[in-house]
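What TrEMBL annotates here:
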- 4-107: domain 'HIT' (DOMAIN)
- 91-95: motif 'Histidine triad motif' (MOTIF)
- His93: active site, tele-AMP-histidine intermediate (ACT_SITE)
Amino acid sequence: MASIFSKIISGEIPSYKIAETDDFLAFLDINPNAKGHTLCIPKKEVNKIFDLDETTYLNLMAFSRKVAIAIEKAIPCKRVGMSVVGLEVPHVHVHLIPLNSMEDIRFLNKASLTPEDFQDTVKAIKAYL
Ligand code: 5GP
C-alpha cells in the first residue's frame with residue numbers, strides 16, 4: 001500500500017509544498033514542532049534512510065540543505081535543526097525544524113497554525129529558493 005507521503009507526492013492527499021524536483025519533495029509538516037517545520041522526502045518510497053542507495057541519500061541531503069538555508073532566511077530562529085525519525089511514517093523523511101530552544105527539536109510541544117499561517121510560511125520560504 002502506498003505510504004501517506006506517496007499519496008502526497010501523487011496529489012491524492014493535499015500538502016503545503018515548498019520545493020519539488022524529479023526525485024524529491026519538500027512540504028510543511030502538518031503537526032509542526034515550530035512554524036516552518038518542513039519534511040524533505042525522496043519520491044522513491046523507502047522505509048529507512050540508511051537503506052537508500054548512496055546517490056539518493058546524498059542527493060536528499062543536498063536537497064534538504066537548500067531548503068534549510070531558505071527556511072533559516074525566512075523564519076526567525078537561532079538555526080535550523082535536522083532530524084530523522086520515521087517511527088510514524090515508513091517513508092524516508094528529513095525533518096527541518098527552525099530552532100529557538102531544545103524544546104523545538106523534542107517533538108513534544110507542537111505549534112498550532114491556521115491554514116493562513118501555513119500558506120504564509122510557504123510563501124516566505126519559497127521567496128528564498
Ligand atoms: P516520524 O515518522 O518522523 O516520527 O514523523 C512523521 C511526521 O510526519 C510527523 O511530524 C507528522 O506530523 C508528519 N505527518 C504525518 N502525516 C502527515 C500528513 O498527512 N501530512 C503532512 N504534511 N505531515 C504529516
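Heads up, the Cβ atoms here are built off N, Cα and C, so glycines get one too.
Under a cutoff of 8 A between CB atoms, and with a sequence separation of 6+ in the same chain, the neighbours of the residue listed as 'active site, tele-AMP-histidine intermediate' are Phe5, Leu39, Cys40, Ile41, Val84, Gly86. Within the motif 'Histidine triad motif' (91-95), the DSSP-based counts of helix, strand and coil residues read 0 helix, 2 strand, 3 coil. In the predicted structure, the domain 'HIT' (4-107) carries a mean pLDDT of 98.
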